[in-house]
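Annotated features, as they stand in Swiss-Prot:
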- Gly7, Ala8, Lys9, Gly10, Lys11, Val12, Gly75, Thr76, Thr77, Ala102, Pro103, Asn104, Phe105: NAD(+) binding site (BINDING)
- His132: active site, proton donor/acceptor (ACT_SITE)
- His133, Gly142, Thr143: (S)-2,3,4,5-tetrahydrodipicolinate binding site (BINDING)
- Lys136: active site, proton donor (ACT_SITE)
Amino acid sequence: MRVGVLGAKGKVGATMVSAVESAADLTLSAEVDAGDPLSTLTETNTEAVIDFTHPDVVMGNLEFLIDNGIHAVVGTTGFTAERVEQVQSWLAKKPSTAVLIAPNFAIGAVLSMHFAKQAAPFFDSAEIIELHHPQKADAPSGTATRTAKLIAEAREGLAPNPDATSTSLPGARGADVDGIPVHAVRLAGLVAHQEVLFGTQGETLTIRHDSLDRTSFVPGVLLAVRRVRERPGLTIGIEPLLNLQ
């Protein structure tokens, strides 16, 4: 398969360029970065694209890719419900084209989200702390937002988090994502980390994942690239590829 990388000169993008070049069954057809024309992808007969760019440009990228029938594996975050709906609208006009958007491609991170969903109904309280490098554009992270939504779904019908806080500084209790407090840390020296904290009478449970290097995303991205065209339309997350449902 001929694979292009968008955001090829970024830290994650450069890692993906190396990963595709090292994969015997994939051919690196294009390296596209800010200022480069997207037409490079069609001129090089690119079949699938890995996008690690920026929330400000990812929608324009996807519109071009879908219009040209190029499959997309997207690690760029910042996807609101409205953005997802727009992508689905574009895909409806190109039913054979596939887009996979994942908040995280690290296998351990995906498993930690799965474990959090399993644990959620058994605890009274749940909060999330996500920690990333200071260059990250969005907060909270896509992974934390997705984790919070999964926890909220698993706790549907149960009592909300107990919290007697009546006075606080703005933001002191974190962002409220479907009733789950999410706290974002941006600190030099970090890559990507998340703690999910659960508590109930007499015990707590912490589920933590650490990406210590951007190569942690490679196995999940390559899995998605190799299988994306098997799933026309929109897929959210790599859980279906790992049989985690």
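Using N, Cα and C of the backbone, Cβ positions are placed for all residues, glycine too.
Keep in mind that what you see is a predicted model, and the values were worked out from it rather than measured.
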Rounded Cα distance, in Å, between Lys136 (active site, proton donor) and Thr77 (NAD(+) binding site) is 10
Sequence gap of 6 or more, C-beta under 8 Å: which same-chain residues meet both conditions with respect to Lys11 (NAD(+) binding site)?
Arg214
Identify, among the binding-site residues Gly7, Pro103, the residue whose Cβ has the fewest other Cβ atoms within 10 Å in this structure.
Pro103
For the recorded (S)-2,3,4,5-tetrahydrodipicolinate site, whose residues are His133, Gly142, Thr143, find every other residue on that chain with a C-beta no more than 8 angstroms from the centre of their C-beta atoms, and list them by sequence position.
Thr77, Pro103, Asn104, Glu130, His132, Lys136, Asp138, Ser141, Ala144, Ala192, Gln194
Rounded Cα separation (Å) that holds between His133 ((S)-2,3,4,5-tetrahydrodipicolinate binding site) and Gly7 (NAD(+) binding site):
18
Nearest of the binding-site residues to Gly142 ((S)-2,3,4,5-tetrahydrodipicolinate binding site) by CA-CA distance, picking from Lys9, Gly75, Thr77, Phe105?
Thr77
Binding-site residues compared (Gly75, Gly142) - the one with the fewest other Cβ atoms within 10 Å
Gly142
In all the protein chains shown, the tally of other Cβ atoms within 10 Å of the Cβ of His133 ((S)-2,3,4,5-tetrahydrodipicolinate binding site) is 14
Which one of these recorded positions, Lys9, His132, Lys136, has the sparsest Cβ neighbourhood, judged by other Cβ atoms within 10 angstroms?
Lys9
